Structures are given as C-alpha cells and as structure tokens.
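Reading through the structure tokens given below for one structure.
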Amino acid sequence: LLLSMLRPAHLCKNLLRIECKCAASAFKAARRISVLVPARVVRPQNLHSTRNCARDMSSGPRMGKEELLSQFQSARTPQVRERVFGALVSQEKKLDTAEYTLMLYTAQAKEEPQLAVRVFEEAMKNVKPSSMILNSGISALGMVGRPQEALDAFEAFESYAPRDLNTYINTIVALSTSRELQHAHKALEILTDIEARGLTPEIEAYHGALQACKTHALWKEAIAILSEMEDNGIEIDTTAMSLSLSSCAHGKKENGKSAAAALMFSSMESKGLVQDEAAYEPLILSLELEGSDEAEMRAFDYFNEMQKRGLVWTVPIYNCMMRLLAKMRLFDAGQDLFVKMETTGLKPDSGTYSAFFQCCKRRGEFDKVEEALEEAKEAGIEVSADMLESYIESAAVNQRKNKALEMLNQVQSEYGRRPKMSSYIHCLKACGYEKDWQSASDLYKQILTSNAEGSDITVDFFNEAIYALGRGGQIELAESILEDMKKRNVDTNVDTYNNLIIASGEAKRPEKSVEYFDLIPTIGMERGTYTYSHMMGALNDTYLSDEMFLVFKRMQLSGLNTTDKFHDIVKQQKDSEAREAADTKNTASNSTA
C-alpha cells in the first residue's frame, strides 16, 4: 500500500530511514504510516518533467488536489515542490491530516526542512495535528534553527496527542544547537523526564543532550550524562565521547576542565573507541583554554603524538597551534605554519586568519594582516568578530590607531557584541602612543558604561587608560582612574604607579612624579628598572633633573631595592660624593707631601 502511494520507490526507504532508528522498529513505523494513507490515491501514469510541472501550474486549467499531491511527491527540484505546495494553499484545497502527514514526510525525506516547516504551519492552522505531524514539525523547526517554536510545540503536544519517545528525542535534538542557555537546560530536563515517564532513553536522546552540553560548554553535565548511560546499560559510542570531550574545549576557564578532558580521552582505549583526530582536537583545545604554561606544553606533546601516529591535524588544531606560538612570541613559526596549512589541502577558516593576525603583532608586519584580510574576503570567508579583534591588536601594536578604532566600532555595529577587553587595552595603548587622550577618555567611559559591575575589567585595562591619558598630559584624569580602581576594588600594581609617574612628567609636574616614586615602597611594592627609567624621562629638563641624575647614580651603586625616599637618596649620593672628594683630596695631599 505504501509503495503504491509513493513514487519513486526509494522514497519509501528514506521514510523508514527517518522514522526508524533500527531494523526492529521498521514494521511498527510502516504500520503507523500505512494507517494514514489517503482514502483516494491517484498513481499518475505519465509523470511530468520538472519544466512541465512548473508550466502546468501557471497556465491552463487548475489541477485537482490528487494530481497536485502526486506532483508534490514526484517533483525533482525543491523549487517546483515549493510551487506545488503554494498552489495547494492558494487554491484552498482542503487537505486532511493524512495528506499533510504525507507532505511532511516527503519534505523531510527530500531534506527540505524549510518546506517541512511551511507544511507543518499550514497543518496546525487547518487540521487537528496527529502525533506524527507534531513530531515531524518539532524536528523540522529544530533543523531550521527555530528552537523556541519547537519547544512551544512540545509544550502544546499533549493538547492533541500523547507524547511518545520520538517526541522527547526530536525536542532534545531541536534544542541542542540553540545558543540560548535556557534551551540547553530544558533539553537536559526533558532527558530526565523520559525516565520519569517510564520510557527508556535511546542513544539519540543522549546524543542530543550531549550536543547541548557541547554548545554551551556544560562539561560537568556531560560527564554526568556519560555516567547515566553506563548505569542504564547503554554503550558509550564515539559520537557520545566526542561530544563530551568537545564540551571541555571552549567556554570560560574552569578548574578541572582540561583534567576532565584528559580523563575522558584516556578512557577511550578501554572502551574500544579510536583516539582519532576528532578526539585529539577537543583535548588540545581544552589545554589551550586552561592557559597555564604546563597545559600548553602538554598540548605541544599531543601535537607531536598525533604526528607520530600519522594523524592529520584538523583546521582547529592548526589554529590552536598558531595561537600558542603567537602567545610564546614565536611569530615566524606561526606564520610558517599558516603557509604550511595551505599546502596540506585544508581550507583556512575565519579562526585561521584570526590566529595568523595574532602572529603578526610585531612592528612592520601590519601590511601582512591587511593582505591576509583581503585574501580571506576574496576566498568567500566571512569576516568574524574574532578576526577583527586580532586585526585590532596588530594595528595597535603597529601604531595604526585610526585603523584599530575603526575596527573596534565595526565589531560593535556589525556584530552586535562588545569587543574583548584585550581589544580595548590595545586601542588604549595605541591612543597613548599618539597622545590622543580624547579618544582614550571616550573608550574608557564606554567600557565603564557598558560594564557597570566591572566583572571582567582588569588592572591592565586601568593601567593602559592611565598611560593613555597621562601621555596626553591629563594628570587629573589619570588620577581619577586611580580612584575608580579603589571604588571597584581593583588592586593596583607597580605599573599603575609607573604610569602615573609618566603622566606627571607629561603634565610638567615633577613633584607629582616624586610623590608616586616615594609611594611605591610604602604600599608593599618594589621599584623596578622601569620605575627609574620613567623617573628619568619625567624629570628630564625640570628643576629636579640634576637630583634625578644623582638618584640614578645611587641606584647603580646600591641596586634597585632601596625603600628610601627620593630626596633621601639624593642626600645619600651627595654625601657619598663629598666623602669621595675629601678622600681624593687627602690622597692627593699625602702624595704631594
């Protein structure tokens, strides 16, 4: 009966492949489908070509419902099927539940989820939906990225029909790739509800829940799901392990995340799972995320291990390797890796170019960044916010302030997100190089306004703001930032006061420089080489320049760790030089005698 309804014949196999997860449930699925066969089925004797189908709908007498349904099933292109469906809707053909179900399965079998959603929406308006329509609709909504509507259909399901296992699985899968964290939590909640309803979860339900964990880096929840699978006697397969590993590969840095990834990776061998590229990739990324020197060296060990085993690096692994080399300031090695990647046949993505930009953060290499950006655009690679932020850092290092600020605004206007804190820090530094304190002041106000709690504002941000404003000679504004740090409970460091010394020098306030120089040891910090060099710059060509020269000479004799005040050091050096002069005079007198 099913074969007489559907043409071509292989469509029947596709329906069973979609509806059934294993051979044991094939008969049950076929029985459910056969119940919904329309009472009147017309088998077209002469199938129209795609061109004739389109022409017949636009000219001549209108076709009947049965003929349109037949053409809907037999159309060779999605465009024709869309037009056939449009004709069914526009001609107000009254369709029943079975006919909507038939069209839904056809659209899904042909992998046309957008059309399936249209059919589902029409069915919801015109008939009382069956469980099969609802299940198919939830699945299609998930495929087209409309998880909230899929969840709404799930919530309303029992108003029309009892939920079955497919309902739960389809909803979990529909929610699994949503960027909304609440949808991930709902997917995990639905997984828990399956057992509460007396049903046994299938592996697809666990895969969907683990995909939600991967999307939102819910690594602890992923570990719990793996444990639940083992408790329920469900064998952990490669997909489940790969998704669980991937939940450790991104998100924020957390204690134990990379260790959990390493533990899962090491357990694969005992479970009979192959440690291939898909397993190495999230493990290496989790070590990069940890950020410690030890973790990064372990990442390099895994890089080498992959090469020894003859495994091919993936694009994300190449990207990670370049980022690590840039962090270690091995810029040439990172650039060489970018060139090598192109010879392997792998296609660079936006992450590749972002990593390459990070390898060009030396003076004189900004031209390479601009050339690579144009190359990416010509290759059809969508310019991402991460690419622009790496571009900003390279522009700032190369003192291209205007370029850096332009891209900073583009990240906000085109991508609707606040740039990373490191991008603001680099832009402030570029403003400082050019003594553009107005732009620096605007950036500073912008970040404080957009982040009132200051949860991710670090001491480095405040220090660069002090430096940028100070280079413009705005000592009062620079000192106001010191007050902001105290209000936000951000601890200062020696760079804070070094930058205030610079600000005092640019404002021609040498006494202020001395004040901050004297303050450093009193608050438990040590003066460093930069402290003394900044003092020399701040006091140069002032009434204290001679005294600073004496301090510099004293520093060479006694070292940097003195806690004495500026004028005390001057006095010590003067006394020392007076004694040396007296000793020299006495020595000369004795020699004459």
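Including glycine, each Cβ sits where the backbone N, Cα and C put it.
TrEMBL does not curate its annotations; it predicts them automatically.
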Per TrEMBL record, range annotated region 'Disordered' [choices 48-68, 573-593]: 573-593
Distant-in-sequence neighbours of the repeat 'PPR' (314-348), which means Cβ under 8 A and at least six residues beyond its ends: 277, 280-281, 284-285, 288, 296, 299-300, 303, 306, 354-356, 358-362, 365, 368, 376, 379, 381
Spatial neighbours of the compositional bias 'Basic and acidic residues' (573-583) far in sequence, C-beta under 8 Å, 6+ residues away: 550-551, 553-554, 557
Mean predicted confidence [pLDDT] for the repeat 'PPR' (314-348): 92
The region 'Disordered' (573-593) - residue tally per DSSP class, helix then strand then coil: 20 helix, 0 strand, 1 coil
Composition by DSSP (helix, strand, coil) of residues within the repeat 'PPR' (349-383): 22 helix, 0 strand, 13 coil
Secondary structure content of the repeat 'PPR' (314-348), with strand meaning DSSP E or B: 26 helix, 0 strand, 9 coil
